[in-house]
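Taken from TrEMBL, the feature compositional bias 'Low complexity' applies to 55-75. The annotation compositional bias 'Basic residues' is assigned in TrEMBL to 76-95. TrEMBL lists 99-110 with the feature compositional bias 'Basic and acidic residues'. Residues or ranges marked as domain 'Tudor' by TrEMBL: 4-62. For 211-230, 250-273, 294-313, 325-344, 451-475, 481-500, 521-542, 562-581, the entry in TrEMBL reads transmembrane segment.
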Amino acid sequence: MPARRFADGEVVMGRWPGSVLYYEVQVTGYNDVTHLYTVKYKDGTELELKESDIRSQSSFKPRKSQSSSSSPSRRNTSRSRSRSPGRPGRGRRRSSSQSRERKEDKKRTAQETDLVLLVLFKMNENNTRRYNGEPDSTGRNDTSCKILEQKFKPDLEIQRVLDQYSLHSRREEKKKEEIYSEKKIFEAATSTASTEKASPKTKELEFGGRIGTFMMILLLPATVLYLLLMCKQDDPSLLNFPPPLPALESLWETRVFGIVLLWFFLQALFYLLPIGKVVEGLPLSSGRKLHYRINGFYAFVLTAASIGALLYFQFELTYLYDHFLQFAVSAAAFSLGLSIYLYVRSLRTPEEELAPGGNSGYLVYDFFTGHELNPRIGSFDLKYFCELRPGLIGWVVINLAMLLAEMKLHNLSVPSLAMVLVNGFQLLYVVDALWNEEAVLTTMDITHDGFGFMLAFGDLVWVPFVYSLQAFYLVTHPTAISWPVASAITVLNCIGYYIFRSANSQKNRFRRNPSDPKLAYLKFIPTATGKGLLVTGWWGFVRHPNYLGDIIMALAWSLPCGFNHILPYFYVIYFICLLVHREARDEHHCKKKYGLAWERYCQRVPYRIFPYIY
């Protein structure tokens, strides 16, 4: 095993990837497996470098020239010649002219060096922005480049005249060739780095690592079962824990599992229909962009027509309420089978197509978080399909079934006001997500997270069966609310929805096209990655305004259930915990990605989710 050369905290010179330039960095870590050093640049950027790309600072100290280290006798001889009585003036003139030539030569060398750095800086910036799908620096302000250009503008004009009349010396021509070759090396290295970039191993494990993810695989299905059993009780108080457990054979019904499969493949059929536009996603690590068909809203309309036809032919949609536990168990079994398939197929996936957060090498952890980033069968994207279709549309169908079950169970001619509010609020949320389907392509679920048990269970089980908890609760625990109270709750939901939608739309438009004239009023902090951090608009109010809108809406969904029990507010508590976890995760990810720019952003926008509180 090779010995480690540089210690943590040591300040050294690190080569910038894809170039021949070295910068001062600090060693922050070392991986004994890959033998890579983690270093931090002065702007906060963290990278992994090979030992061959790191040098000690002593190797960059300037050496004395040969002329300055010549023998004393030669210096004395030179001095005596310049003071010869026979040629007093000539010696001084030659000495002063040589001194001026040396100064001018050093000045030209320094200017040429700065010009090389200017060229390399621009090339690196433009390559980075092209890689991220953004405009080149020609359309944006760059203070450092402008300062250098203004500083050397007179010299550049002189250089243009020299080029026009070919007044360069051979030494200058040789330097020009060296600069040209250095540019070629930089371009080749940058091109290679952008095309051969592979997904690195996951070092920082989330959710408690291997033990935590194993426990979550067991606890998530148990939590869903517990919540549904508690809602079934006449008194769903937390003091009545544990709820009476049904017989195991009563939790499974083959017919119900068949309906779950039919629902999944029906939504897949709607997804494959050649309707709706096709858009490009964000660039992958390899620079490639995947294509997605945007037809979620059309799928919702077709589903609504299908449900309407079933009701017209007297199909009892309350069957969902009567077998709700069996549907939840069947969906959980299907999501587990899908997760196993996803992990097995990911073992043959190329390295560059693996998820950056699910490539740890540990079976349980990668199975839970998702090993492959974008699993596809042909053009059918499994993760993108499950993100919005079966679970989200299924949530609306379940809510409708609960509304009909309430009317049937309590012999009502119209549903209760509380049930109408819950159905209406959550229907608005789902329709909004499907109408703005393209915005999901910029979320971390699509760009960063792999597709494993976490997302499969969340999309197919947690969303439809836990998010419909308020409607399920109201069937057996009706709550009467007045019209003024209903109006106040409606206003609260509208405020949350407005914050949620306007913040997400603002972020999505800026990510897609930062130079959009409609966004000219927004200010941002530029980062080393070529992207910008918004400091005005909603993202200058708090760091995660979309999470603030989510929490306000979640509260509005629970208030129609009253205050007799805390169970309907589980969704609010869960949502706050989930978003605080996501916020901490986003903070860590952004700090590592944007470095010093993120620290400046946090100073500018101190509040994370709740203004003046958190």
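Including glycine, each Cβ sits where the backbone N, Cα and C put it.
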Output the single range from 211-230, 250-273, 294-313, 451-475 maximising the number of Cβ pairs under 8 Å to the transmembrane segment (562-581). 451-475
Secondary structure of the domain 'Tudor' (4-62) by DSSP, residue by residue, totals 7 helix, 27 strand, 25 coil
Looking only at the domain 'Tudor' (4-62), what is the model's average confidence as pLDDT? 81
